[in-house]
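Below are the structure tokens for one structure; questions will follow.
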Amino acid sequence: MASATRLIQRLRNWASGHDLQAKLQLRYQEISKRTQPPPKLPVGPSHKLSNNYYCTRDGRRESVPPSIIMSSQKALVSGKPAESSAVAATEKKAVTPAPPIKRWELSSDQPYL
């Protein structure tokens, strides 16, 4: 439309009801300005504007398991047996899903197998 003659421009403007040539310079009105004000973020784990990586913005990383302040049950100290247990502590073997594997013996007639 910018290369149309004056007669065609006026005909188009009259048919559309408004000036189409005035709009050509400002056709991108929804473009944001180059200088933006800094965002107003609420105070929290991601309120910093720089040095704000994704892994540190995740609020789940700041949660910790609950700390036990007081318990009605007596906790055992690790490495010491309970005082009330009358059974002697025996050394326990590791639990395996099958019986132990038998060691194969090499045949004496063919020593290289």
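In case you wondered, yes, glycine gets a Cβ from its N, Cα and C as well.
Reproduced below are the annotations present in Swiss-Prot:
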MOD_RES   ALA2  N-acetylalanine
REGION    31-51  region 'Disordered'
MOD_RES   LYS40  N6-acetyllysine
REGION    86-113  region 'Disordered'
MOD_RES   THR96  phosphothreonine
Rounded to a whole angstrom, what is the C-alpha distance between the residue listed as 'phosphothreonine' and LYS40 (N6-acetyllysine)?
59
Count the Cβ atoms, other than its own, that fall within 10 Å of the Cβ of the residue listed as 'phosphothreonine', considering every protein chain shown.
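Around the Cβ of the residue listed as 'phosphothreonine', 8 other Cβ atoms lie within 10 Å.
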